[in-house]
Amino acid sequence: MSIKMLVYGSQIQIQYFSYKRLYPKILASILVICGFGLIFKKRKRITFLYISSIVLTSLIFADLIYFQYFRDIISISILENGLLLGPVKSSVASLLKWQYFLLFIDIVLLPGIIFKLMIEKENTLKVRIISTVVVLAIGLGYSAKYVYKLSVEQPNLITTMYNRIYIAETLGNLDFHVLDVYNFAYRTIKKGTPLPIGKQNEIKHYFGDNNKNSEGILNGDGNGKNLIVIQVEALQQFVINKTLNGKEITPNLNAWIKKSAYFDNYFYQVSAGNTSDAELMTNNSLYPASQGAAAYMYCKNDFDSLPKMLEKKGYTSIALHGFRGDFWNRNIMNKAEGYDKFYSESSFKVDDVVGLGLSDKSFLNQSLNIIRNQKQPFFSFLVTLSSHYPFDDVKNYGNFNTSEYEGTLLGNYIKSIHYTDEQIGMFLKKLDDSGLTKDSIIVIYGDHYAIPKNQDKSLYKFLNIDKGNDLNWMELQKVPLIIHFPDNKNSGIYHAYSGEMDLYPTLSNLYNLSSKYMFGSDIFNTKDNLVVFRNGSFTDGKVFYLSQLDKYYDIKTGEAISENSKILNEKSLTQKELEYSDDILNHNLIKKFNKK
Ligand code: GP9
Ligand code: MN
């Protein structure tokens, strides 16, 4: 069995495959199966092991075939959503290779050998129990150790399963399936307890009573205009209008900002779902899941998303991203959100690679051709890729000199974002030349941070912040939001405290959409906006509450302050919104609201 699992590992990861790395993990999981077997008496034990062999072999067989087509591993969410994906174009038969049938050779030959094994003498119950406990302890102990190690190296990977193939190639496919079943059970239990009708009504009314999105300025200003949204990978705000050795890091965005409405207090609010959470919030104004990635857990829900609301106004919507379509479950989630088409890596010609995959240069160029041919009015949602952590494809980012930061994570990030800025600049220029700018609202924002907390010192140094503290750090968790209107209308810098939850309500006002169930606010029109983070922290622009310290800070003075009734109200509103949003996702309430 371990040889078969190794064969599978070598098939899904050809470039970096290492027997040494994978073998101990596979051995540990096989030991667990053997451990269970040892409790049985001879005949039953052999039957148990033989059946396990058949089951596991079939699983490997299925996983191998599935990988041929989807470059992914079979998971419960995939099985659940099988119908959403539509018919698989090429038939399973064409994916079969004769070599795969070699996997079953031992299954055919084993019965003969098993027969011989029957001569072995019977173990006493005591021996069976001891050997089971010992072998199980070793197998489970090592398996747990490897899972733990992976969860430290890649936080959130285990609960969100955002990169399934990576888990399978690091831990083996058996461990992957066990983790998948565990996560599925967890989700099912969570969703299983029904929400009382009274509570459902309370939540529904919250949106009515709380009508933060009343009509105001710019209402309907986008009517009939196309909408182009670019979500930029790891575009953090501190690079905007910042120079290094007298050179601007993002000259193109800086120039574009002058012609646009630029929000300089816009926070990312992502949680474990990272990039996919940014997509979720932008399209739905719902909070990320309390645990795991909403894009996996709630992809079967009904959404009153941006594409769906625009559709009512005659828009067609497409999503574009130059990476594997299964990543962050986009194949399925984009469909659930009502995109008419999702162009993933396989829709592009991968003719230029930077970082994780298709370069922003090529992606934006090819996307422009697609967008140009889209029937108007349209909505195009683009997600870039090249400036992805760990920003180490330095040779392909060009030669932006970061002097003392050369070779550091920060220096490499600056190079990568300088590269992406250049590509966006090119894209905007071509868009302008095509005449689309005057018929479109163009939104650009960053999905989440670039510089992780363990690199805080180098960021503080770069920004001349001495002895940075937790408040400084939170205030740095901003991403730029740039909204460009035809003829450079409404340009200027807007300081309203806001975040990713607020984009949809803002667009909803601009396009006069009938979206009702949004937690964010239209930032052109709200005065006292509350920015709520998934961990319970929040800010109203004057006070910052940091939940991890349970402390309030005055943003202007940086001093810790004590609770007052206003802050306490905000704190309970924060908890209420997070709870309501969880309820909506866990109980698919939007479907229910729309029915009534
Ligand atoms: C890849 C991408 C990266 O498709 O969007 O996601 P991230 O690792 O930034 O969450
Ligand atoms: Mn990202």
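Along the chain as shown, the residues are counted starting at 1.
Glycine residues also receive a Cβ, built from the backbone N, Cα and C atoms like all the rest.
Just one of Thr188, Thr193, Thr275, Thr402 is listed by TrEMBL for the same Mn(2+) site as Glu233, Asp447, His448, and that one is Thr275.
Of the chain residues outside the Mn(2+) site list Glu233, Thr275, Asp447, His448, Gln231, Val232, Ala234, Tyr268, Val270, Asn274, Ala278, Val383, Gly446 have their Cβ within 8 Å of the site's Cβ mean position. Of all the Cβ atoms in the protein chains shown, 25 others lie within 10 Å of the Cβ of Asp447 (Mn(2+) binding site). In this chain, the transmembrane segment (98-117) does not touch the transmembrane segment (22-40); fewer than three CB pairs sit within less than 8 A of each other, excluding pairs fewer than 6 residues apart. Cβ-based crowding with a 10 Å cutoff singles out His448 as the top-ranked of the binding-site residues His388, His448. Taking Cβ-Cβ distances under 8 Å and a sequence gap of 6 or more within the same chain, the neighbours of Glu233 (Mn(2+) binding site) are Thr275, Val383, Thr384, Leu385, Ser386, Ser387, His388, Thr420, Gly446, Asp447.
Within its own chain, the transmembrane segment (129-148) is flanked in space by residues 24-25, 27-36, 38-39, 123, 158, 171, 175, 179, which lie at least six positions past its ends and keep a Cβ under 8 Å from the stretch.
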